[in-house]
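Quick look at what TrEMBL annotates:
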type	residues	note
BINDING	Phe65, Gly66, Lys67, Asp141	substrate binding site
BINDING	Asn126, Tyr128, His138, His215, Arg227, Thr231, Arg233	2-oxoglutarate binding site
COMPBIAS	171-181	compositional bias 'Basic and acidic residues'
DOMAIN	119-236	domain 'Fe2OG dioxygenase'
REGION	1-23	region 'Disordered'
REGION	168-191	region 'Disordered'
Amino acid sequence: MSVLKLKPVEPAANPNETTKRETVDLGNESDVVYIQRFVPYDQSWNWFNYLDNHIPWTRPTIRVFGKSCLQPRDTCYVATPGLTELSYSGYQPHAYSWDDYPPLQEILDAVHKALPGSSFNSLLLNRYKGGNDYVGWHADDEKLYGPMPEIASLSFGCERDFILKKKPCKKSSDGSDEPARKRVKKSNHADQHTFRLKHGSLLVMRGYTQRDWIHSVPKRAKAEGTRINLTFRRVL
């Protein structure tokens with residue numbers, strides 16, 4: 001497993017200076033951009049406290065491998081009116097508007113400023129209330145995001161590992177079908193990257209990352225604090 005040890009990003013001497021970032025080339029027109037100190041420390045806590053206390057969090061029942069279960073994290077969905085409705089794992093969340101929670105528009109503006117050319121119009125918020133909350137292996141490859149979606153993930157609160165792994169082939173080496181979760185365990189560790197997402201950090205997946213890679217935020221026994229994650233996407 002390749003754990004990315006990125007050099008610290010020092011605060012800009014000039015407040016207007018473009019925030020420094022690290023880019024990881026995944027190959028095949030895919031890359032990941034990581035900005036470790038995207039939001040200043042104090043502002044990050046201000047936004048964390050607002051989101052923790054004012055967002056209408058829910059923990060829905062979803063279907064995984066044909067079975068109903070409680071989603072292992074809280075969630076909320078915000079989108080521009082008129083977009084195709086989001087649906088995943090048999091669950092269709094209610095879409096709140098940006099005007100319902102004005103600080104979200106401020107955060108969106110900051111993300112757009114950091115990523116020229118981006119035009120996100122939807123936001124999925126997730127709250128991990130401890131180390132047992134997680135998100136399993138998946139790719140955000142739904143058709144409503146198009147073939148090369150740009151996905152920006154902003155983190156507040158408790159640090160958690162974000163793991164990227166090369167998508168396994170649809171068939172095993174002997175040509176036989178095999179469950180995806182078993183193929184993931186057998187994949188080459190050289191095709192895996194781990195990011196330690198810090199308070200106020202921004203991670204952006206671009207190009208064909210959703211086509212060729214899967215990602216997860218696994219359980220962590222020592223992660224006792226709450227983490228709030230904002231994932232910005234563009235619905236076509």
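Positions of Cβ are set from backbone N, Cα and C atoms, glycine also.
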Let me know the model's mean pLDDT on the domain 'Fe2OG dioxygenase' (119-236).
88
Pick out which of the binding-site residues Phe65, Tyr128 has the most other Cβ atoms within 10 Å of its own Cβ.
Tyr128
Work through the binding-site residues one by one (Lys67, His138, His215, Arg233) and point out the residue whose CB has the fewest other CB atoms within 10 angstroms.
Lys67
Would you measure the largest Cα separation among Asn126, Tyr128, His138, His215, Arg227, Thr231, Arg233 for the 2-oxoglutarate site and round it to whole Å?
20
Within 10 Å of Phe65 (substrate binding site) (Cα to Cα), which of the binding-site residues Asn126, Tyr128, His215, Arg227, Thr231, Arg233 do you find?
none
Residue pair Asp141 (substrate binding site), Arg233 (2-oxoglutarate binding site) - Cα distance, angstrom, rounded
11
For Asn126 (2-oxoglutarate binding site), what is the tally of other C-beta atoms lying within 10 angstroms of its C-beta?
20
Fill in the CA-CA distance, Arg233 (2-oxoglutarate binding site) to Gly66 (substrate binding site), as an integer in Å.
27
By DSSP assignment, list the helix, strand and coil residue numbers for the domain 'Fe2OG dioxygenase' (119-236), in that order.
17 helix, 49 strand, 52 coil
Rounded inter-Cα distance in Å - Lys67 (substrate binding site), His138 (2-oxoglutarate binding site):
17
Same-chain residues six or more away whose CB lies under 8 A from the CB of Arg227 (2-oxoglutarate binding site)?
Arg127, Tyr128, Ser155, Phe156, Gly157, Cys158, Glu159, Arg160, Leu197
